[in-house]
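Note sheet for the following structure.
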Amino acid sequence: MPVSWIMIILFALAVLGYVLGRRRALASAGGDMRNLHSLPSYYGSHVALFAVAPAVALLAIWLVVQPMVISSSVARSFPDGAISEGSSLSLVMSDVKRVADGLNVAVERGALSAEEAGSVSAGATNIRERLGSVGVALGSDVDSSVLDAAQKYRAYASTGHLIMTLAVLGLALTGFIYGMAQMRAEFRARNIVEHAVKALLVFAASIAVLTTVGIIFSLIFNTIEFFKLYPARDFFFGLTWAPSFGGGSELGMLPLLWGTLYISLIALAVAVPIGLFAAIYLSEYASPKMRAIAKPLLEVLAGIPTIVYGLFALLTVGPLLVSIFGREGLNWMQAGTAVMTAGLVMGVMLIPFVSSLSDDIINAVPQTMRDGSLGLGATHSETVRQVVLPAALPGIVGAILLAASRAIGETMIVVLGAGAAARLSLNPFDAMTTVTAKIVSQLTGDADFASPEALVAFALGMTLFVITLGLNIIALFIVRKYREQYE
Amino acid sequence: MNDMTLLERGVQTDDIKISARNVEVFYGDTHAIKNVNVEIQDKTVTAFIGPSGCGKSTFLRCINRMNDTIDICRVKGDILLDGEDIYDPKVDPVQLRAKVGMVFQKPNPFPKSIYDNVAYGPKIHGLARNKAELDEIVERALRRGAIWDEVKDRLHSPGTGLSGGQQQRLCIARAVATEPEVLLMDEPCSALDPIATAQVEELIDELRQDYSVVIVTHSMQQAARVSQKTAFFHLGTLVEYGATDRIFTSPEDPRTESYITGRIG
């Protein structure tokens with residue numbers, strides 16, 4: 001029975017459990033809701049919960065564990081001599097799986113009968129051809145040991161699936177009966193359901209956390225791989241970035257880091273003053289009507305995909321800068337793609353981050369603070385400059401740091417706006433590139449995944465992650481410290 | 001508490017400092033203050049009492065035009081300070097507020113040092129020519145705020161680190177530092193414990209020697225303790241105004257009597 005069918009049955013069981021559980025609980029209270037400990041819906045939910053939750057959990061675990069168990073037992077039964085030179089067990093196992101899947105498809109399409117699939121031998125039929133006729137392409141002819149293993153794999157899988165179906169449905173039914181057995185008026189269904197809700201929330205939260213941990217680990221392992229192939233000192237302190245996929249690359253990080261920091265710096269130099277002034281206007285001077293219109297408009301900027309900003313940099317800002325600073329003008333600039341182009345456009349992208357966060361923070365400064373200053377005969381702008389901004393400063397710094405970590409992690413604008421040349425230069429009209437842009441180009445090339453040229457992307461990613469994590473932690477720390485002041 | 005010791009000093013002058021005529025205040029469509037006429041004397045503590053929402057704080061905020069900062073608020077009628085209409089277009093509300101200081105319900109020291117809190121007003125009004133003069137102004141203000149002895153060794157630590165009562169006296173010192181002529185106090189003790197309240201009340205009585213003080217209070221005992229004149233507000237109108245001891249002993253209006261005996265409010 002396919003998994004989707006099992007899910008449908010479980011769902012039906014849940015609905016049935018809800019209706020029956022509710023009815024049974026009400027019946028045990030003599031039909032009077034007031035005699036129940038909890039509202040009737042809690043009793044229904046309780047039965048549905050017990051019918052479905054353990055069964056779904058079992059199903060999920062089984063689906064993850066079964067392929068692992070079967071693979072290892074099939075692999076163990078593989079004859080030693082069957083693995084040819086230049087190959088490995090994992091490559092052979094993936095062949096086995098491909099053939100097993102192919103047989104499944106063939107049976108589904110009717111090209112093979114179920115018994116045929118189980119008994120066919122490599123000598124008698126050309127498996128590759130027959131599978132090819134139903135659209136399953138295999139890279140090479142199937143040798144007999146692989147075919148045997150594939151058939152064994154299929155046999156184990158179908159047995160395992162049958163056991164799983166029985167176990168899951170059995171558990172669901174047991175849970176259903178157990179839940180129903182508890183349906184008495186004094187049963188505290190409400191408390192149990194509350195616990196289940198809490199468990200759901202914990203589960204959701206832990207998925208987010210575990211994903212982060214998973215990402216960090218995948219970065220760490222690949223970074224370690226990289227440092228085994230390439231000296232860490234050369235990576236961190238090398239001044240040249242010259243990857244060549246034939247080997248013998250120089251993978252110094254500093255030119256990329258410099259590009260990242262330079263572009264971010266220009267972006268912040270644009271975004272911080274403009275964003276901050278906009279925030280001050282919106283929160284202190286704008287009338288409520290003006291604010292209601294202007295603030296969402298400003299936040300539209302934050303909703304524009306960064307690739308669109310990239311196009312804007314490439315097609316509008318770059319040529320505009322060239323016409324001023326290029327050969328016809330001051331002759332500082334060679335082409336439209338430059339640090340300045342990317343920095344300016346990224347600055348525009350960051351304006352809503354700075355302004356929106358700063359606006360919230362300025363609004364959080366208590367009105368009594370403003371009253372106190374105005375009551376002493378200070379003008380509005382004196383109040384803003386000398387009382388409101390100093391009070392909001394820690395929060396504003398936090399907002400700026402968050403914007404900075406956005407700038408450092410930005411990719412598309414850089415790819416389109418700043419060029420691809422990794423170089424160490426002070427001229428903001430030179431093309432440069434950043435860590436993120438190089439991660440993309442290192443991973444999308446044709447390089448062998450195990451080569452240092454590809455693995456360097458993980459080391460770069462890790463570096464970037466550490467930098468932005470550091471910035472975020474500092475920002476959160478500052479913002480939190482600021483919050484304590486008024487609560 | 002000993003009510004009478006503070007009252008014995010009596011009203012020392014009959015000069016009219018503030019005179020309000022036919023004042024009406026609207027918040028949007030709400031008619032918050034209806035036709036209030038009152039004359040407030042110099043070097044006197046005048047208390048505004050009345051139930052919540054009766055308009056006493058609103059009226060207080062009219063005297064230094066703090067209501068200007070609220071968009072929907074409109075004020076009609078005349079308020080004269082030393083005979084000059086403060087709502088005249090020629091009057092700069094910012095200058096007015098330097099002359100009519102205000103202390104708020106909740107202590108609101110700026111997130112700056114104690115010194116900078118007090119020096120804030122003198123700095124923005126350019127009252128000191130040099131650092132020495134500023135130091136002098138700050139010390140004088142803190143002494144007048146009766147908090148000098150407690151903070152003189154930590155003038156450069158943050159004002160927000162003081163206790164509630166100290167913060168409120170710091171705010172009074174801050175208001176005094178700009179050399180105002182009138183001090184408005186909007187329930188200055190409502191966030192304070194009884195000991196801090198007693199200290200602030202003592203201070204208010206001392207301040208009377210130099211300023212005209214107007215205080216809004218919810219506590220009738222406080223009004224009786226610190227003020228020489230009392231005005232009773234009810235539902236946006238000024239019901240009764242007169243010497244404090246008379247208001248509390250033989251009120252003329254039945255509403256005043258009900259309020260001070262605890263039947264309404």
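Glycine too: its Cβ is placed from the backbone N, Cα and C atoms.
Lifted from TrEMBL, the feature list:
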DOMAIN    A:257-475  domain 'ABC transmembrane type-1'
TRANSMEM  A:43-65  transmembrane segment
TRANSMEM  A:162-181  transmembrane segment
TRANSMEM  A:201-223  transmembrane segment
TRANSMEM  A:260-282  transmembrane segment
TRANSMEM  A:303-326  transmembrane segment
TRANSMEM  A:332-354  transmembrane segment
TRANSMEM  A:387-408  transmembrane segment
TRANSMEM  A:454-479  transmembrane segment
Are there three or more C-beta pairs under 8 angstroms joining the transmembrane segment (A:387-408) and the transmembrane segment (A:260-282), sequence spacing 6 or more?
yes
Does the transmembrane segment (A:454-479) come close to the transmembrane segment (A:201-223), meaning at least 3 CB pairs under 8 Å for residues 6 or more apart?
yes
For the transmembrane segment (A:387-408), I need the partner stretch with the highest count of C-beta pairs below 8 angstroms, choosing only from A:43-65, A:162-181, A:332-354, A:454-479.
A:454-479
